[in-house]
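These notes are about the structure you will find just below.
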Amino acid sequence: MSKKPVMLMILDGFGISPNKEGNAVAAANKPNYDRLFAKYPHTELQASGLEVGLPEGQMGNSEVGHLNIGAGRIIYQELTRITKEIKEGTFFTNKALVKAMDEAKENNTSLHLMGLLSNGGVHSHIDHLKGLLELAKKKGLQKVYVHAFMDGRDVAPSSGKEFIVELENAMKEIGVGEIATISGRYYAMDRDNRWERVELAYNAMVLGEGEKASSAVEAIEKSYHDNKTDEFVLPTVIEEDGHPVARIKDGDSVIFFNFRPDRAREITRAIVDPEFKGFERKQLHVNFVCMTQYDKTLECVDVAYRPESYTNTLGEYVASKGLNQLRIAETEKYAHVTFFFNGGVEQPNTNEDRALIASPKVATYDLKPEMSAYEVTDELINRLDQDKYDMIILNFANPDMVGHTGVQEAAVKAIEAVDECLGKVADKVLEKEGTLFITADHGNAEVMIDYSTGKPMTAHTSDPVPFLWVSKDAEGKSLKDGGKLADIAPTMLTVMGLEVPSEMTGTCLLNK
């Protein structure tokens, strides 16, 4: 007998904006989406700010979006949690942070603070770095060095100089800290095993090798002069009298202040992992603190903010009912439909199958806007024909990953490719008498230009996202307004005929 699968399709970075200018979502020819939108119930969901556990007005992101969707409740993010602790003062007694600083003081070694320098709030926040500098000052440390990763992706592409100036002013005011290196996140924060990039960032921080400059401002200005925006700044060593300001050495303390794990793992492994094989390097012995848990299998690090655990996430609850589920995405978003969707748990649930389709190896995704969407779709159709799954979670990475390039024509092509795939998937699910919910985790591709400057916009947005209910049972029915991402899981469970567990505080969006 054919199963009637309930599927959630997440169009990553597909937001809704009334403004048509620079809007790749509106500009794209998407007959399949339009057809489903016209025929089936739909509403808009909030995917940013307090509705997803972020600070008010903070744009959403993929990690946060998938956590909220999978948990069926608002998940207070590390960003909100750490900022709150700095305000309340408990940050300054955090055991792991205090221990790393005390050891640097006792052993007369250096403290290195590394991470993404911006207020983007996706991977890090400059205020957390300022908090660490204040703590270092309180502890009486003098040898404190910052290894700044330049952003240009979650914030404007050439805003890095402003953040460097802001940091230098803060260090002056607090009375401690010097910038030792700067590197574009393209190098320091790779997540796709492109070790030749990571090696350049590592060499700057540890060996003092790479581009040279007499100040961080000089380094970033040179980069702009060479037409390299923040994300692509070549790893640069800041020198004084012909010598590096500082290098990470044996016995030093290192605090990595990024709170989002996925782009923090590779450079961390390069520094601390005794089994590291990415490139040739000598083993360092440092006191290393990760702001959050980047990887459970890394035992040689301390963690400042351990993950909170969540019971009865959507995947766990469906598994407890003896049902089969599938998670499917290409490499760029695979962690999102598995690890993040499961509330930060790496281990699959019972009867949870996973299909990983490799993302194309291109320098930037505007060069291949369709990415691996067609391959993901082919694999999904094959799996649907097996009649095995009760629930399927699917992610199309294109609107987000191509949206990040700032190239509008490419983002339009990305959405058109996804629409083609969406049509095939919807037809197959309807053929199986199943239900397809279509949504997004946050906005991006609907705003491809910065309206204040007219320049390309590469960051996420705070726009709402669509929520469509595609099913024979849905015709003529309606969905509630005023929803948020946390309402999706209770809605799916209701359609599956399952009771919503008490831990899920989201609301079912079906109008009775």
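Each Cβ is built from the backbone N, Cα and C atoms, and glycine gets one as well.
Under the heading active site, phosphoserine intermediate, Swiss-Prot lists S62, citing sequence analysis as support. Counting every protein chain shown, the Cβ of S62 (active site, phosphoserine intermediate) has 28 other Cβ atoms within 10 Å. According to DSSP, S62 (active site, phosphoserine intermediate) sits within a helical segment.
Under DSSP, D12 (Mn(2+) 2 binding site) is assigned to coil, being neither helix nor strand in the three-state scheme. Sequence-distant neighbours of D12 (Mn(2+) 2 binding site) (same chain, six or more apart, CB under 8 Å from its CB) are S62, K333, H336, N395, F396, A397, N398, P399, D400, M401, A440, D441, H442, N444, listed in sequence order. If you look up Swiss-Prot, you'll see D12, S62, D441, H442 marked as Mn(2+) 2 binding site.
Among the features that Swiss-Prot reports, substrate binding site is placed at H123, R153, D154, R185, R191, R260, P261, D262, R263, K333, with the record citing sequence analysis. DSSP gives P261 (substrate binding site) a coil state; it is part of no helix or strand.
The secondary structure of D400 (Mn(2+) 1 binding site), as reduced to three states from DSSP, is helical. Feature annotation from Swiss-Prot assigns Mn(2+) 1 binding site to D400, H404, H460.
The Cβ of H123 (substrate binding site) lies under 8 Å from the Cβ of G115, L116, D154, M189, N258, F259, R260, R263, A264, each of these being in the same chain and 6 or more residues away along the sequence. Here R191 (substrate binding site) is positioned 15 angstrom away from H404 (Mn(2+) 1 binding site), judged by their C-alpha atoms. On its own chain, H460 (Mn(2+) 1 binding site) has G13, M59, G60, N61, V122, D154, D400, H442, G443, N444 as residues at least 6 apart in sequence with a Cβ closer than 8 Å to its own Cβ. Each of the binding-site residues R263, H442 was scored by other CB atoms within 10 A of its CB, and the lowest score goes to R263.
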